[in-house]
Amino acid sequence: MSAQIIDGKGVAARLRKDLGEEVSQFREATGVVPHLAAILVGEDPASAVYVRNKQRACEKAGIKSTLHRLDAATTQVDLLELISGLNGDDSVHGILCQLPLPSQIDETTVLDSVTPIKDVDCFHPENVGLMVQGRPRYLPCTPAGCQRLIAEAGVETSGAHAVIVGRSEIVGKPMGMMLVQKGDVANATVTYAHSRTKNLAEITRQADILVAAIGKPNFIRGEMVKPGACVIDVGINRVDEKLVGDVDFDSVVGIAGSITPVPGGVGPMTIAMLLQNTLTAAKLQAE
Ligand code: GUN
């Protein structure tokens, strides 16, 4: 039997359409146009594509987006000054600083400088703390997208064993925190696995829900997957000009119960969740 392919692109398109309607209702009621300010430092072509996709999605949903492009040699002081200006600009509701940043800039210092109410990536420790305590202001975009896809696949999370492979601050760590919470699409028993984990395959084979967020192309192979498991592939790796995930799709698709493709799985959901957070930000700041 072949796994159900979870159509992230389709789900994201539906969410974005609904969100567009919510944006216009909000605009009619308040006169406020939600506004995302994106910052792109340097010339990384992949980052430029991601930011462009985010901006296009904003515009289609009726969200204003402005792009602040900075030179690769930009100093940390200059970047902090830009963010400080955006923090104080009442017409800007969300601030997104695309990662990675050039090596002369300390990522943590920069991300911490975004005022928490405008932190639509949910990277600020205040927002991470609120999320971990089960009273989120924003949800981190990629884990929120994964959670939504797990729900779309009709997978029961309560009491399920979710194994998260990868412990990044952006995806792995918050993903586990969200699935372990009390609530819908949650109540899972969570195991974190990472590069130092021993007997990794033994652990991944116990997963009812397997989230691969390690950044290694085709890392999760069929023999590491429990038959019938829900496999969520967060990886976006470029191999010979082709996009591949962290999951070896061909060897897993015949074993898993459901699986997200790359591209067309988690990626489009991340953008939809960013739009959702930007609307939430505008609402919170209109209060
Ligand atoms: N770089 C890769 N993923 C992300 C993300 O979700 N947000 C930002 N700001 N940068 C990224």
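Using N, Cα and C of the backbone, Cβ positions are placed for all residues, glycine too.
Keep in mind that this is a model prediction, so the values were computed, not measured.
Among the features that TrEMBL reports, NADP(+) binding site is placed at Gly166, Arg167, Ser168, Ile236. Sequence-distant neighbours of Ile236 (NADP(+) binding site) (same chain, 6+ residues apart, CB-CB distance under 8 A): Leu243, Gly245, Val262, Pro263, Gly267.
The domain 'Tetrahydrofolate dehydrogenase/cyclohydrolase catalytic' annotation in TrEMBL covers 6-121.
As annotated by TrEMBL, domain 'Tetrahydrofolate dehydrogenase/cyclohydrolase NAD(P)-binding' applies to 140-285. The average pLDDT computed for the domain 'Tetrahydrofolate dehydrogenase/cyclohydrolase NAD(P)-binding' (140-285) is 98.
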Count the other Cβ atoms sitting within 10 Å of the Cβ of Arg167 (NADP(+) binding site), across every protein chain shown. 18
CB contacts under 8 angstroms to Ser168 (NADP(+) binding site), restricted to the same chain and 6+ apart in sequence, sorted by sequence, are Ala213
